[in-house]
């Protein structure tokens, strides 16, 4: 079989796999974004919720995927025993929660700087919400890793997509739910926040006493890339917050914009990593050629499929939430389809750039290239989707 035939076979196989992956991701994305649609009027009064939601979702996904990776490596190297009471497994929670609070603090300060608001209120709502998410994600990640390892599976390959999906599904309703619960009860809000601060300081002290400084250093190095990515996510969230009136007026848009970004990010990451693999196994070269361009039609097929996924599920949910959509089906089709068509060549170009850099500079495609790509797509996708919606609505509904 020639290289061209093998390249075509890889492309077709990837296309089939992506149909399934995108469908699952779409369902998970809408399970999260439906809360944005249901509580859009509450969010309009507190736009910082919309601004911090994208970076906090990504932060949860990144931290627990990093935890999963370290548990996976430790289990195979023998430094972690496959039981929940292992000292390393227990000590990881100290590092994870401390890292979560520190990184969240950076995100919240940047968000406040960009869109304003009550800084203390933002902290008092967001930090406890993130801790509550961790109460679910930490034991789930630890238990599932050990369980799968005991039964002969590779935890990282099976659980990585699940971790990101759960982070999306859990973070948004937790953030909105806790906001609704304590926003008008300042006493409870203050007490919970002070308790969390005290516990965080205590955990950091215990971590230091147990001499986990090396673990902190390792996580700190990996978080440098993630913090850069989260800056981009904050930009996407701030752009959404500045267009809150459009999102509230047309629930279809608030329901679909984050799903659009998630699906396009997933599509791009998979193709970028595969492109990097093809460089290494010799099926393609670093020079421009027809093989790289041949990915574009496949990406357009998946982009159009994605637009119809977004349309069908998003329009149905918007209709249910509002009791009748304020957007016609034709306008909804145009928004999702035009956005997908416009962003696809940009995604293809990003894939070529980052796959090339990964091969030449030695970027880790999973831990460096994929987070940067998905974060760039968050802000690019948000801008394209909102501008497209604004343009189409202003022309057809003027």
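Just so you know, glycine gets a Cβ as well, placed from its N, Cα and C.
Copied over from TrEMBL, here are the features:
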type	residues	note
TRANSMEM	20-43	transmembrane segment
DOMAIN	54-177	domain 'SLC41A/MgtE integral membrane'
TRANSMEM	92-115	transmembrane segment
TRANSMEM	121-146	transmembrane segment
TRANSMEM	158-181	transmembrane segment
TRANSMEM	187-210	transmembrane segment
TRANSMEM	222-241	transmembrane segment
TRANSMEM	247-274	transmembrane segment
DOMAIN	258-387	domain 'SLC41A/MgtE integral membrane'
TRANSMEM	295-321	transmembrane segment
TRANSMEM	327-351	transmembrane segment
TRANSMEM	372-397	transmembrane segment
Counting Cβ pairs under 8 Å that are 6 or more apart in sequence, does the total for the transmembrane segment (158-181) and the transmembrane segment (327-351) reach three or more?
-> no
Cβ contacts under 8 Å made by the transmembrane segment (372-397) with residues that lie 6+ beyond its boundaries | 54, 58, 225, 228-230, 232-233, 235-236, 239-240, 243, 246, 250, 253, 256-257, 260-261, 264-266, 268-269, 272, 327, 330-331, 334-335, 338-339, 342-343, 346-347, 350-351, 354
Test the contact criterion for the transmembrane segment (92-115) and the transmembrane segment (327-351): 3 or more CB pairs under 8 Å, pairs 6 or more apart in sequence, then answer yes or no.
-> no
Answer yes if the transmembrane segment (247-274) and the transmembrane segment (20-43) have at least three CB pairs under 8 Å among residue pairs 6 or more apart in sequence, and no otherwise.
-> yes
